[in-house]
Amino acid sequence: MRIYKEFLFEAAHFLPSAPPGHPNARLHGHSFRARITVDGQPDEETGIVLHFDELEAAVAEARDALDHRMLNEIEGLSAPTLERIAMWLWDRLHNRLPGLVEIVVARDSCHEGCVYYGPPLRLAAE
Ligand SMILES: [Zn+2]
């Protein structure tokens, strides 16, 4: 079974990899949406996989670090694509959320998003 929590954040960025003159090379902002998904079995007594308050506590610090920020200035996000934001969130959350299996980061206004299942070698590294 999987549970998830979504949160929104507003942030500015530019993409250094965009060609000169491309709008993405200029400073602009988005409303981003992130969804953090945890896998587990509900406890037989409580019926809970992971209390949503615990999930909220885990994501709150990461959300605060992103919301109303210039993403390019955040350590590890000098090229803040959706893919890099998803990886950045994974790095921040996977130790606090052992059942973490998926992170979605989306720009709903663009109908674009990224789904990240973690680094490919994580099972071999454990
Ligand atoms: Zn953008």
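Note that Cβ sites are derived from N, Cα and C of the backbone, with glycine treated the same way.
Listed by TrEMBL as binding Zn(2+) are H28, H30; the candidate from H13, H22 that the record includes in that site is H13. All protein chains considered, the CB of H28 (Zn(2+) binding site) has 11 other CB atoms within 10 Å. Under DSSP, H13 (Zn(2+) binding site) is assigned to a strand (E or B) in the three-state scheme. Highest local Cβ density among the binding-site residues H13, H30 belongs to H13, counted as other Cβ atoms within 10 Å over all protein chains shown.
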